[in-house]
Structure formats: C-alpha cells, structure tokens
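K.L.:
First the structure, which I've put down as structure tokens, then a few questions once you've had a look.
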Amino acid sequence: MLGPSHTQAPHPDSLSKARHALLGPDRDPRGQFSVGSWPPPCTASWPGAQMSQGAWLLGVSGLRNSGASLPLATWLSLLAAGSPGWAWVPNHCRAPREAACNFVCDCRGCPDEAQCGYHGVSPSPGAPFTCDFERDSCGWQDISTAGYRWLRDRAGASPQGPRLRSDHTLGTDLGWYVAVGTHRGRETATAALRSPVLHEAAPTCELRLWYHVASGDVAELRLELTHGAETLTLWRSPGPWGPDWQELVVPTGRIQGAFRVTFSATRNATHRGTVALDDVAFWRCGLPTSQAHCPLGHHHCRNEACVEHPQLCDGEDNCGDRSDEDAALCRHYVATDFEMGLGLWNHSEGWTRNRSAGSPGLPAWPRGDHTWNSAQGSFLASVAEPSAPAVLSSPKFQASAPHNCSLVFYHYLHGSEAGCLQVFLQTASPAAPQTPILLRRRHGELGAAWVRDRVDIQSRHPFRILLAGQTGPGGVVGLDDLILSDHCKPIPELASPPPGCWAPGPWPQPSSLRPRSFCEPGHFFCGDLCVPPEQLCDFQQQCPGGEDEQECGTTDFESPSGGGWEDASVGRLQWARLPAPDRGGPGPDARRAAGHFLAVQRAWGQLAEEARVLTPTLGPSGPRCELRLVYYLQSHPQGFLELVVVEGSRRELVWQALGSTAGGWKVDRVLLGARRRPFRLELVGLVDVDGPGQQGAGVDDVTLMGCSPAAATEEDSEVSCNFERGACGWHTGHLTDAHWQRVESRGPRYDHTTGQGHFVLLDPTDPPAWGPAAHLLTQPRVPSAPQECLSFWFHLFGPQIGTLRLVMRREGEAEAHLWSRSGTHGNRWHEAWATLHHQPDAGAKYQLLFEGLRDGYHGSMALDDVTLRPGPCWAPRRCSFEDSACGFSVGGRGLWTRLANASWGPHADHTTETAQGHYMVVDTSPQALPRGHAALLTSEEQRPLVQPTCLSFWYHLSLRNPGTLRVHVEEAGRQQVLSVSSRGGATWRLGSVDLQARQAWRVVFEAVAAGVEHSYMALDDLLLQDGPCPLPASCDFEAGLCGWNHVPRPGLGGYSWDWSSGASPSRYLQPPVDHTLGTEAGHFALFETSVLGPGSRAAGLISQPLPPTAASCLRFWYHVGFPEHFYQGELRVVLSSAQGQLAVWGAGGRRRHQWLEGQVDVASAAEFQIVFEATLGGQPALGPIALDDIEYLAGQRCQLPTPSQGGGAAAAAVPAAVGGTLLLLLLLLLLLGVAGRRWLQKAGCPSRGEVDAVAPGFENILFSADRVTLPASVTNDQ
C-alpha cells in the first residue's frame, strides 16, 4: 500500500489532541445494499434499505450484534498493534541495531528513538514520532551533491532573499524548519533530504509532513522510500502549490527491515524561492511488542505479540513475523493475490492485471501492489468509464447459511472524484438468478492507498460475488488480495458462466419519453433540460422541480441516498446511516421517535482512524450561506466532531464540537459565507466506541440555507457598518485558516461605537491560525461617484501584531493598495480614511478588502464604524508611503518619486527599516535638478485644525550636500515654517513643526538643490498629532510615542513596545495609573516581558538621533510589576552610536507596583540614540515594564531628586538619597580595588588573565538610583 492523500487527513491542527488519546478499534461494519437494476449508477445508498429474503448480511455495528458476531471484548485493542504508546518498555534493551528507530520505545527513556524524530519520555497512546526541527534535525541529513542544499533554518535568521514568514510548528519567525533557498546557479539542481535508517514499519504506518513552496520556480517535489535495492516513489508533484503550509499524508505500508525516506526538491534555472519542510511525523508505525499474556479475543503471535482474531489471515503482517498469516493457520482461506493470475476470479470484463513497474504513466497509478508493497507486485486495475464499468465475478458458491462466507479485499480509488467500487451479491433461486444486491459501495477520492474492507454473507441459496469498478478521467480503480473464508465453497461448474449472470439489465427510463442518451455523459437529465455537472448543487435551481439541488447536503437522512453525503473513511471508524432503534445514541433521532440519522460506527479500514463523510461538490456560495445541523457527541475522556470545507487540496476548519453534549441532541449553526470556488463539506468524527458507557456521535437534520449567490439582499451590499446588528456587506475570506470574527465587547475587548457593542476582530490565537493572513471583504459593487471616501476606526495592539492593509480589487486589474499600518498603535481606537479613485466609465465593479497580516501570536487587530460616502477624503493624518503616495502631488521639476529597493537614496526606509520599504525621494544631482532649482511635494487638502497640532516627519539627506529642505504651509497664502540644511548621514532624522490653521490647508515640501553630484533628499512617516511638538527625546506619552520607535530584532520575534492607559482594558498586565496625570486616563509606554522567551532576548524603545553632547541629563519614570520571587525582567538604558552600544543604567524587577524615578548623565562624542531596552535573562515571567515622562535635558547635568509630596516621587526620594550614599561608597571601593590591583601588578604579582587595553570611549558601568552594576569584564576578572 503506497502513495499519498491530500484529502483523507482531517484538519491537523484540531485533531492532534484527540488523536493522542483515542483508539480506533476494528469492527464488523453494517453492509450497504439496495435492490435495483444491474449495474446500478454509482449513487449513494446507506445502510437501512430493505433486504432481500434470499440473503442477509451479518451486522456487528453499534449495539445490535447478532448471535454470530464476535463479542465486544474482541475489539478492545486493535490500535495497540500500531501505537508506540502501548508498547511495553522492558528493563533491558535489545541489540542497538534492532532497537534503534523502530517506532517503539525499547529502552527506558526511549534513547533508542532519540535520532528518529522523538525526544523525551515514553509517548502517550497514539502519539506519533514527530520531528519539528526546534531542537535539532532529528537525524535527517542533506545528501545533495550540488550547491542547492537543505539546511535547518528559521524565518527570522536572515533578512536576505525571499523567505518564509513563519514555521509551521509555532507559527512565528522563532520556529525552526529545514529549507532549501535561493541557488544562483543556472543549471537544474536537486536538493535531497534523507531520514535516518528506520526499521520495521507496521501495515498501518503513515507519514505526515508539512511543506511550503515560496515560488513557482520549483520544477518538482518528490518523496521516495528506499528498502533494500528498491526505491519507491511515494509521492511526486510538479505543482502548482498554494501560498501557505500544505500537509502531505502518505501511507507507507508494511516495511520489513531497514528503510529510509528521502524528500527532494528539484529547481529549474530561474528558482528564487524557498522550499521548506516541517513537522515530519510517523503515525501508527510501531509493531506490537511481546506480551506474557494476551487479552481475551486476541491471538498470541509466534513472537509473543498480541493481535485480534479479525486480523488473522487478512493479508497483512500484523504480528511482525507473519505468524498471523501462517500457511497452517490460514489453510482454510483462499487468497488471490493476482501474482500468477486471476485464481478463482476468472470471470473478468474491463479489469487488467498490472504492475507498478512499467505503468502506463498515469499520475494516479498505484506505486506498488498491496501483497508485497513493491512495484514488482501484481494487482487488478481499471480505468473503465461509468457507461461501461469493469466487472469481476467469483465462481458460484454453495449456500453458506447458517455460517458466514467472508470476503476480505483491498481496493484503490485515486485520481477522480467519480471513482466507484461496488460489491454485489447475486443469488440463484430455483427459478432464475435474481437481481444483484448491493453489499458495499465506495465512491470518490480515497487517496493513493490500498484500503481494507470486508463483507460477511449468509445466503440460503447459491450465490456469486461481483465487484464492479468505474472511474472518471485521470482516475484508477484497483483490487488486490481477495481473501475468502472457509465457508465460501465453490460449486463445480462449466468453463463458461451461465448466461446473464452479470449482464447489465436495462436502464430505467425517465418519466420523459426522451431516451437517457439525450444528454452528454455526466450531465443531469430533468424534464427537457440537460444540466451540466458544474451547475449541479450550485444553489441555483435549474430543473423545474429542483431535482438538480436535491442531493446536495440538505437532508434528514430518511432517504437511503443520505442527501448526497458519501462516506470516505479509510480507517477503523465510518459514518453510517442508521435507524433510530439502532442509534446507539442518547434517544430518538433529532425530530421523531422513529427515523434515521448519521452515526459514527466501526469499519474495516486499517488507515487513518477518523470517520469522514463528504457532500458532493457545492457552490459557489453567497455571503449568507449557513449550515444548520443537529448533533450529539458522547465520548470520554476525549472525542470530537468537526466540519471542514475542502477546496481542492485546501482544508478549512469551520466548526468543532469537543467533549460531550450532556446526553442529548444539540442544534448549532455554522456560517460558511461567500466562496468563489466550488467546495465540498466534510464531517469528521472521532470517538472511542469501545470506551466506558454508551459512547458515540451522530448528526441529523442538516440544512444549507441562504447559499445562493443570487440571493443577496440590500444589506449584503452595504459597506457602511457599525457591526451592531451584523456584518452588513462585509464577509470573511477563506483563503487561510485565520479569520475575522464579529464579537461582542467583553473584558479587554471593547468596540468603538459605544464601548459595549460589537466589532470585528482578528485574533490569531482564537482558534490558533497557521495562515499568515485573514481577509474581510465586500461583495463587488458599482461606484456611486468618481471619488468615494472610506473612513473607519482600527485598533492595533500587541507586541507582535503585524500589518493591517486596505486593498481595492477590480476585475482584470492588479490590486490597488490604499492604506496600511504596521506594528502596535497602542491600546486605543484610531480613525483612518482613504480616497477611492474610479475610472470615468464607473461601470466596472470593485471590491474592498481589509487584510490582516500577522507576525506572531501576541496581539490583535480590530475594525469598527466603517463609513463610505461620495466625494474625496481629507488628506490623511499619517503617511508611510508603503501603499501609495497618500495623495501628494509633485511640482517644479516633478522629481519627487516613491521608491523601494532603490540603487540610490537611503538603503532602507524608516517605517520598516528594510530595503523593501517605500519612501519619497528627489535626486538633487546637477543633471537632475540644477543648483538653486526646486522640486515641490504638495499634500492634498487637510481639514482645519481645531487646536495646535504637531506635524512631524522623518527626513534623510545624502552625505554629499544636497541643498536645503524647506517646509511650507499653504492656508490663505504660503508660509515657510521650517528649513533644514544640516549635513547628511546614514540615518533618518526627525523633523517637527507646530501648526495652527483655521481653514483648510496643505503642506509643501520644497527641495532646493545645491548642485552636488550623487546627492538626494528623502521623506518618510509623516504624522499629524494634536498638541504642541515635544522637545527632542522627551515625551509624556499622552498623545503618542513622540518619535520614540520600537527596535525590531530579526530572529528574536520583532517585539514592540506598546502604548496604553490604565483605563483601557487589556489582556496584558499594566500599571493602573500613569505618572503624568496620576489617573487611569493617563498614558504610558509599556512592554509585557512574558512574550519574550528564555535567553536574554530584548525589545527596545529608541529615540530620534541626538547631536553629540559632553554632558546631558536623561530623566524618566519607570514601573516594574513582577510577581513575588520572579525577578527576571530588567530595564536598561543603552546609548547607541556609530562607535557601538553602551549600557549606562539598569534596574531589575525587585521593586514592585509603583512609579520610580530614574536619571542618568549621558555623554557622547558622536551623534547617538537613546534606547530603553526591556530584557529577560531567565525564564519567562508575567509582568510589565512601563515608562512615562521621559525628559532629555541637553547640556545639563542631572541633579539628585529632591523630596516632594505625593505620588511616586515620595516613594523614590528615600531610595534615591540612600542610593547616592551607596554610590559614593561603591565608587570609592572600586577605585581602591583598581589601584591595589595595579600596585600588585607593578610589584610583579601574577594574575590569571591579562586585561586588554581599552580604547578611549565609554566606561561600561551600569548606574541605577541605588546601586552600581559592574560589567562582566570587571566582575569576572578573577
């Protein structure tokens, strides 16, 4: 059994907890059959249809076991054979070569599996052996021969080249993975990553991994398994690949002895992207270990392992030594493996005997047979179309009643959703053969794997078993290892079968007189219409009676067709339609005392344990599309139900129920929303059906409502919205698993409209999202005017929140980025607006999109009070130039240009501090702008100012004198308010000017050239804030951060200082009042150290560049609030210049819950910046560090603080006075110690290490209000 499946695995992020604790026992399934023409169309038919009097199936599902069924005790531990958690760990170890990497902990502490993707103590039941690459490579090695190689890497390790934003394990740039990056060679190259040597994979073994392809320049991805001299290709894909992490699920089958797995990426000559691999896991790969005694109903293998009796003689090596398939044990069974021919199954039409080696080249062709798990093994395959299905017939068997004639078979359905395999029973009464009865039906895409199934038959008349297969374009149906029990006794017959035994009967004629062939294959016939397949189940009625929308998911399960839901389970559980008396549930079905519903039952599959059932292909859907369902769930201690939306290879979890429903049925609704592409709905269930009590899960009365895209109401097109009564015309996009949610104000979450209402929120931790982006978008709409103004309120808060972006889409055009903000903007709501510009022929529809791009999991985004009106907006109060020129127009020579990745100008912008960031720049070289000439940059019209306002901006002047930058304000006339002509440098500088304007006004930036070659001027990050401009590097934080910026550190998460107040609800701890006002309404700068991991990581708050100073004073107030006995946090003051960094002050976390004053004299011979650095030296501790009232007094030395009344000043007076005395004493001791050491050195006394000469500069001593901290070079010099 070989090959992968992109569709069989339920949503991995939500199943992991349940998988670790639940078992999936083997069981007899209830057969599925109905009476009809032969061969009937491959349509749904669930258990519960009327049985023929001539034959009946033995059902052991649920609570209705027949007398001939096996007792419940025989089903207790099937998963033990494949779960490493059930392994008995002996006191001694076997030989290392036998014990290493065999998916079983043979030694205490499991050291034998340490280099096979496992670390720690013995795994829990059902836990996989996983490598997440967080600590090491788990034994995986690069075996590439070219420069294109695999390396262990993480997203934040290097800023160069196209890289991933996050790993899959943690979902942040702190997590590790293995990747191959850009290779600049011009030849095709392959990078290969090989696993350690692994041993003995069980038949249930499954390899799951996550991969990411950052561009389309990769020619092929391939997964191979090498066993002995044979290498099997388990999976191969030339793309295309999605933008996010994608899961690959590959069953390996039984592997005897040693083997390796190799994952390779082949690049073409233009490859410039990254291919990454993460979270490689081996599920259910361990063989059962030896036991002294086996449980009741189990078989003791020759190697003392225990397997259940249904696993005997089933064609798989479950024991590990093949003793369960021993010839003497299985002498009464007749197995056909097709290695030498068809055996008893010698009546075949449409089936061909094949091998994987020398296959016809179909992508869906089996990679190996089931018998030997080899490309050299034989099997039956067919590509027959539905109009002429392939049929395989058994010989005629004697009547089996009262015993069972059991057929175990392995089937393969891959490559087409139209694939179908049906098992029929045809009895021969004394009069004439009867119409075949459907026993089992599998339909759809089951993945590239051999799946086990079994049917049990008791018949009073002679009978035959018929297997009919069909598929669609590109699909393959396969059969292998047909095993008949001893009560299937053939009747001697002539060489040719009786006529008509499996001949197709006539198709039933429709009510219309037209023949069925009136429509093309695949089309649906109703009335006088032929409905093409893409219009079936599209929520828009085509047939007069709505027949084309009848089997499309909405159902009460009273019809045997089950509303079109198809079971696609491949493991030990399945979904089955059951009558209420057989429900195994909490009572009658959802609506009546007698009826049918869908329930999780035992099945015969050997692969993934979850039960899966899917609808036909649905949609597209409208924004109001909603699913209503009634369900029950009883599973202890764990179990779940899930609803997943499947679009191609993408899977989106939209609903989940955990635990139990307290003994009754529950009703729930799930908003599916607008989906532009067809999709399928999948119900996934996992329960411990053999656990204590009456455990199980069921679903009834499934209804899809409001899903037609044409059923949009006026509200659905409404953009203006305060979200109090709904989401208006805004709906969630479904390209990733991160979603915007309409929520109610509660706790730290509060809306803007009333403070107690509703808003839309993006919180990547609820539920955990691995996708990098979440979309909130409108329906396409026609513009109401050539220009429209969209205004809204946004909330960006948290130390690692990411970017919020507004985008406009038009059909056939590239997306237009209108507005964006990155990083935290404090714990408050901000207003923003953007002008929408439309073409004069305003007939083209457009769509608005808010896109949230997360950086990690610390923080949230929110939107509220969105308004759209005709006409242009006022000019924005903030502009970073990341998405547009913000309405600025150019004048004069028209040389101002918006640039990024420029070959001239600043190497990085100010907003993002990267080469990819944008800014406005003008070339002031003589050939571009002659000496004395000017280039103008003029804003759009700004609204009148109701109070004094500060205009701040960041500018960058070239090292060569570019000339003069002048700032003008145009109100009634033009007035110059600022002129900058200082020397340039390698850094951005802050400019600010106080403004007052009672009328509409504009700001004009004028660049006057000095006529110097290779010179330029650049602008970035313009901001209007209420209130006067603060002094340089000074701030009371009442209006914002006053030019102080956070310092993102690549590789350490890029955490940010925040801005908040005591009155603002927050999920993070913070001071109850500020220092400036001493009230809850006052604001402060804040950093929550708990987001930092261990290892002395830091987050900085950095000032604007300051001129050199001989002595200046820095005063500030700080607040450190850590719990008792957790003092890992520290606040430091660092001076940063071209000469390096110098720590000049530091305070730990031993003072708690009050504002304390800090001050320090600073001096620098070069231009410098002040950095407040929050660090964490030990393990993470929950606690904030806050700053307020920073004051930089240029040219003034600090004075000791004087006692004052009230607040934190009084609290700081005594420590400051004591600290001054201690400071003098410690300095004296320090000088005496240094003098004594030098005297000893002069006297010839040896020392353990010589001290290097120190260059002139800063003395690296940390001063605080009450202590002196010596640097390591002093304190460790003994």
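From the backbone N, Cα and C atoms, a Cβ is placed for every residue, glycine too.
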K.L.:
Looking at TrEMBL, which one of Cys285, Cys306, Cys313 makes a disulfide with Cys294?
P.N.:
Cys306
K.L.:
From the disulfide entries in TrEMBL, identify which of Cys285, Cys313, Cys319 pairs with Cys301.
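P.N.:
Out of the candidates Cys285, Cys313, Cys319, the one TrEMBL links to Cys301 is Cys319.
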K.L.:
Looking at TrEMBL, which of Cys501, Cys519, Cys552 bridges to Cys537 via a disulfide?
P.N.:
Cys552
K.L.:
Examine the ranges 1-36, 109-144, 685-720 and name the one recorded by TrEMBL as region 'Disordered'.
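P.N.:
Here TrEMBL associates region 'Disordered' with the stretch 1-36.
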K.L.:
For the domain 'MAM' (719-875) and the domain 'MAM' (129-287), does the number of C-beta pairs under 8 Å, pairs 6 or more apart in sequence, reach 3 or more?
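P.N.:
Answer yes, regions in contact.
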K.L.:
Suppose we draw a 10 Å sphere around the Cβ of Cys537 (disulfide bond). How many other Cβ atoms does it contain, all chains included?
P.N.:
25
K.L.:
What subset of the disulfide-bonded residues Cys294, Cys301, Cys306, Cys319 lies within 10 angstroms of Cys552 (disulfide bond) at the C-alpha level?
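P.N.:
Cα within 10 Å of Cys552 (disulfide bond): none.
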K.L.:
Counting across all protein chains shown, how many other Cβ atoms sit within 10 Å of the Cβ of Cys552 (disulfide bond)?
P.N.:
23
K.L.:
Count the Cβ atoms, other than its own, that fall within 10 Å of the Cβ of Cys294 (disulfide bond), considering every protein chain shown.
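P.N.:
Taking every protein chain into account, the count is 17.
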K.L.:
Using C-alpha atoms only, work out the spacing between Cys319 (disulfide bond) and Cys306 (disulfide bond) and round it to an integer in Å.
P.N.:
7
K.L.:
Within 10 angstroms of the C-beta of Cys319 (disulfide bond), what count of other C-beta atoms is obtained when all protein chains are considered?
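P.N.:
Counting Cβ neighbours of Cys319 (disulfide bond) within 10 Å gives 24.
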K.L.:
Specify the nearest of the disulfide-bonded residues Cys294, Cys301, Cys306 to Cys537 (disulfide bond), where nearness means the distance between Cα atoms.
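P.N.:
Checked the disulfide-bonded residues Cys294, Cys301, Cys306; minimum Cα distance to Cys537 (disulfide bond) goes to Cys306.
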K.L.:
Might you list, by sequence position, any residue in that chain lying six or more from Cys301 (disulfide bond) with a Cβ less than 8 Å away from its Cβ?
P.N.:
Pro288, Val307, Cys319, Gly320, Asp321, Ser323, Asp324
